[in-house]
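*Asks:* Structure provided below as structure tokens; questions to follow.
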Amino acid sequence: MTSQEKVPFQVQLSLPQILSRRDWENPQITQYHRLEAHPPFHSWRDVESAQKDRPSPQQQTLNGLWSFSYFTQPEAVPEHWVRCDLAEAKPLPVPANWQLHGYDAPIYTNIQYPIPVNPPRVPDLNPTGCYSRDFTLEPSWLASGKTRIIFDGVSSAFYLWCNGQWVGYSQDSRLPAEFDLTPYLQAGSNRIAVLVLRWSDGSYLEDQDMWRMSGIFRDVKLLHKPEIHLRDIHIMTHLSPEFTSANLEVMAAVNIPSLQLNDPQVTGSYQLRVQLWLADKLVASLQQPLGTQAIDERGPYTDRTQLVLRIDQPLLWSAEQPTLYRAVVSLLNHQQELIEAEAYDVGFRQVAIHQGLLKINGKAVLIRGVNRHEHHPQTGQAIDEESLLQDILLMKQHNFNAVRCSHYPNHPLWYRLCDRYGLYVVDEANIETHGMQPMSRLSDDPSWFSAFSERVTRMVQRDRNHPCIIIWSLGNESGHGATHDALYRWIKTNDPTRPVQYEGGGANTLATDILCPMYARVDEDQPFPAVPKWSIKKWVGLPNESRPLILCEYAHAMGNSFGGFARYWQAFRQYPRLQGGFIWDWVDQSLTHHNDHGQPYWAYGGDFGDTPNDRQFCMNGLVFPDRSPHPSLYEAQCAQQFFQFSLLSTTPLVINITSEYLFRESDNEQLYWRIMLEGESMLEGSQPLNLSPESSQCYRLAEKLPTLNKPGQLWLNVEIRQPKETPWSPAQHRSAWHQWRLPQPLFSPSSDLTNATAHYAPQLQHNLQLQHNRQLQHDLQLQQDEQHIKVTYQQQCWQFSRQTGRLAQWWVADKPMLLRPLQDQFVRAPLDNDIGISEATHIDPNAWVERWKKAGMYQLQQRCLSLHVDHLSHSVQISAEYGYEFEQEPLLHSHWVYRFDRHGRMTIDVNVRIATSLPAPARIGMCCQLADISPTVDWLGLGPHENYPDRQLAAQYGHWSLPLEQMHTAYIFPSENGLRCNTHTLNYGRWTLTGDFHFGISRYSTQQLMVTSHQHLLEPEEGTWLNIDGFHMGVGGDDSWSPSVHIDDILTRETYQYQICWQYKV
């Protein structure tokens, strides 16, 4: 039934009769009486309100508290509920997911369906929510016109009654369901009742990697339209080849009763007018009668018309400069009186694939994208405007220009905000059948064709007026079948202005204009059966392949991950047809739960008693659930930044800056530079940045490098900031940065022996603070007995155990400084990437954690092989050898040489040999538990945020200071975290460590991180745990289910050496 037809008289079926049909188990029944899809309507009754986007009096929200009753299956619902509320009904907010209000449980699964796989059947025990609400209408709404109800999102299927009469049925959780209520309304109070089913045959098409929840989770509203009204509006822009002029094409359809469609006296009495505004300036206007040119031998459309307005020198829309016009479409009667008006933001932009490149307005675009689920930790899938805007601002601030709506059409407001703030959008149909075997089983089944097709066609019909949408997607992980080919052709016919992408079937079928693989690697082929994933460099060079490649998913950001991300961006900038991709994904999909004491925590799969579940696999975000950043977000920001830097010379000091902006000039950018010596500023300056799009410019910063006043590393830091605030960023927002280590001019030390020694022995630079005339005092004392070796200097005493060979205690003024002795450390608390798909019921022998377990890395037995003491003239030296074995097989050999000097320093040289049979260890380092707890940590090295050997592009060498608690990254699933690399000096309380090392420091031991399932369960331990690594394996991140650490970041050598110098300032 079309929206042009009045609801006919129908025999009212009882609730049991309706339910007995089991429409929710018939894929060929997706709706009853649902109106056709169209762009959002407001039905303004004056042009100015439409042009200024004022709230429309013709809309009435039904959001708020509804009456709610919960049942375990639809057949349990009493028949009289359709007419009156049940006694046990409770209030429930709309929009909301009922699982977050004490009914039923949310379920998190990735691939596995949460119900037995028997399509189209679903379980008889099918949780059912019964909603109802009373409302009253303006008397004018009842006097004339049509009143419709709009549900923007209901999961997964629902029936609707109004005043006890059945209205209709709908499924597809992520697109609006709209019904004409006019025949059912009455004066005074009206009651609507909605029966929502958790599972339907549509659930087999909604197998996305997300929390499975139910209810009316998007807005509900009433809309009043005139009897004769605008039924559909399609807006397109066409730019001239030189982009100097454009045509605005508007196709508008009018609702006219079917019996009058062929009456020219009726149809010819209506006119359509389009006005195009730029702010308050009317740019163009056109008015013409209803009707089109003849379409075929039967004639024209009499209920629609096409209007084309020519615009000279249009301001173009892009994510960089999202200039929007406003098109007001008015329906006029024969007296030229306004019947109603609709209005839409219009962006003049062209999307095309030309010569193998995706181009926006003629420019090849580099997609700086991210996948985003609609998720909020408290409200689940019910998202408000504040949350939508928060995500957009964060994305823009961190150099994202694109977002993929994974994996369903989003809330209508999302697209309006992306239009206005500037983000390119891949709009994706609500289709995923990942749990089917094969995935294409349903897409090749004709009985499912209508269910598939409505999810694609209705998405396009709702969203096609948005300039932000540059690509349509047929869905996600649903294989490749005949249905996909048909829907690809439908889109290309109905919207030739946008390309279509679809990853299923290998990312390179005829149903996609873009090669859009997921998790293809930069240089490594993955020759999977049927659907091989070639390296992205290889893929674009395959014979007869000319399409651009944009990764629909890459860089799986699960927990402490994102290693090797910079490699992708090196490739993107090197190979033109590698045009970026969409990171997986934006936000950790954790929900707020409460423990037995009512305290909140972030939960993941299984925490609600949900089965089946995929545990913490829902947490792959660049941001935590509350949108605070993961360290990986900074890595993405830096890799994707729009300015690239190169150092041309040091005398004079000249750099080159290239703008990767395609359309905007750098009219709000200031270049700041600073020459740093060991973290201290030696010379600095700033100047405006004046760069045209896609241009480069040299900047002369200084005539020569500054004269050094002490030895150390010299660095040049540059950054670009925006002096003025923008719609998406505050003033002084940092948008780009870079750093180079400079050649060091010869430092001429004084004749003082201490300075000279420091110059030629950089590892002793921590001693430069000693006054020049300070005299060495007191000799070192050595004491030995059968159990201990003690080295004493002034108030300090180092005590070794002869049994273990370890430094068992460090005394200062008779106070013990160590709670656990200093010892080797070769393991880390496993990362999600280390674990991969390995779990208790499914062991993956290729996972790093399983290889380490099998080798005995977590159960190493240590033996002291030898212990030697030498009392030299100015120092004491203790040499110890340690052997590590598992099941009597030697695996590691560690040789430590401790040197104690008359400055109270302990220098340790460590040499580690690794058996060739042992898998590469996670780290080569040492750890101990310090008795002290200091409020701050101060270091000279890479920072300020967490960084790892394969994730340090965004980190900078400098002098940093942070509170102790900020040295721990609170990943929801605890793991190794908090490392800072390439450190030369660490100060913690009275402790000073120097050398060249990585370190991590926190209140939690590696052992506690290994055995604790959730962040909130971690208990601060006594003292402080200090991890010092000479070497640390990368974290990986190409994906999280197979080993993805690149070979350069794996500890594959047989021997490793490092040196650390410790001192306690008494």
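The backbone N, Cα and C atoms fix where each Cβ goes, and this holds for glycine too.
What you are looking at is a predicted structure, and each value in this text was computed from that prediction instead of being measured.
Below are the features listed in Swiss-Prot for this protein:
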BINDING   Asn110, Asp209, Glu477, Glu553, Tyr554, Ala555, His556, Asn620, Trp1041  substrate binding site
BINDING   Asp209, Phe617, Asn620  Na(+) binding site
SITE      His373  site 'Transition state stabilizer'
SITE      His407  site 'Transition state stabilizer'
ACT_SITE  Glu553  active site, nucleophile
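Help me see these features in their spatial surroundings.
*Replies:* Mapped onto three states, the DSSP output places Asp209 (Na(+) binding site) in coil. Long-range Cβ proximity for Asp209 (Na(+) binding site), meaning a same-chain Cβ under 8 A and a gap of 6 or more residues, is found for Thr109, Asn110, Ile111, His407, His434, Phe617, Cys618.
DSSP assigns His373 (site 'Transition state stabilizer') to coil in the three-state reduction, outside any helix or strand. There are 22 other CB atoms within 10 A of the CB of His373 (site 'Transition state stabilizer'), with all protein chains counted.
Using a 10 Å radius centred on the Cβ of His407 (site 'Transition state stabilizer') and all shown protein chains, the other Cβ atoms total 25.
Around the Cβ of Glu553 (active site, nucleophile), the same chain contributes Asn371, Ser406, Glu503, Met518, Tyr519, Gly581, Phe582, Ile583, Trp584, Asp585, each under 8 angstroms and 6 or more positions distant in sequence. Reduced to three states, the DSSP call for Glu553 (active site, nucleophile) is strand.
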*Asks:* Say you check the Cα of His373 (site 'Transition state stabilizer') against those of the binding-site residues Tyr554, Asn620, Trp1041; which is nearest?
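*Replies:* Spatially nearest to His373 (site 'Transition state stabilizer') by Cα position is Asn620.
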*Asks:* Once Asp209, Phe617, Asn620 are set aside, which residues in the chain still have Cβ within 8 Å of the Cβ centroid of the Na(+) site?
*Replies:* Asn110, Met558, Trp584, Asp585, Gln589, Asp614, Cys618, Met619
*Asks:* Within a 10 Å radius around the Cβ, which one of these binding-site residues has the most neighbouring Cβ atoms: Tyr554, Phe617, Trp1041?
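*Replies:* Counting every other Cβ within 10 Å of each candidate, the maximum falls on Tyr554.
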*Asks:* Pick the one among the binding-site residues Asn110, Asn620 whose Cβ has the fewest other Cβ atoms within 10 Å in this structure.
*Replies:* Asn110
*Asks:* Once the DSSP letters are reduced so that anything not helix or strand counts as coil, what is Phe617 (Na(+) binding site)?
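*Replies:* Where Phe617 (Na(+) binding site) sits, the three-state DSSP reduction gives helix.
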*Asks:* Of all the binding-site residues given, namely Tyr554, His556, Trp1041, which is spatially nearest to Asn620 (Na(+) binding site) at the Cα level?
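*Replies:* Among Tyr554, His556, Trp1041, His556.
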*Asks:* Sort out for me which one of Glu477, His556 has the most neighbouring CB atoms within 10 A, since those are the binding-site residues we care about.
*Replies:* His556
*Asks:* Among Asn110, Asp209, Glu477, Glu553, Tyr554, Ala555, His556, Asn620, Trp1041, which the record lists as binding substrate, how far apart in Å are the two most distant Cα atoms?
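*Replies:* With Asn110, Asp209, Glu477, Glu553, Tyr554, Ala555, His556, Asn620, Trp1041 as the binding residues for substrate, the largest Cα distance is 18 Å.
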